[in-house]
């Protein structure tokens, strides 16, 4: 298994690709879906899941766009699920 770290988005949130053969689990998809989707394609990886350590916008903003291309649920703690519905408002509050 290989772990690759990327710092993505305006707040440089850490996003991790856990790669086993060609299967990939993304931890904290951050907020740069185009980069993530391009990197998956470039490395010919099969995305098998997405996991969020918590629901802050800088860790999960890319989820919706990724899900438009690859239909996979986000694994997140039940108490943070409500934050997913407020991503745009939270991001606007912090980033303007």
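Each Cβ is built from the backbone N, Cα and C atoms, and glycine gets one as well.
What TrEMBL lists as domain 'Metallo-beta-lactamase' is 9-83.
Residue counts for the domain 'Metallo-beta-lactamase' (9-83) under DSSP (helix as H, G, I; strand as E, B; rest coil) come to 27 helix, 21 strand, 27 coil. For the domain 'Metallo-beta-lactamase' (9-83), the model gives a mean pLDDT of 93.
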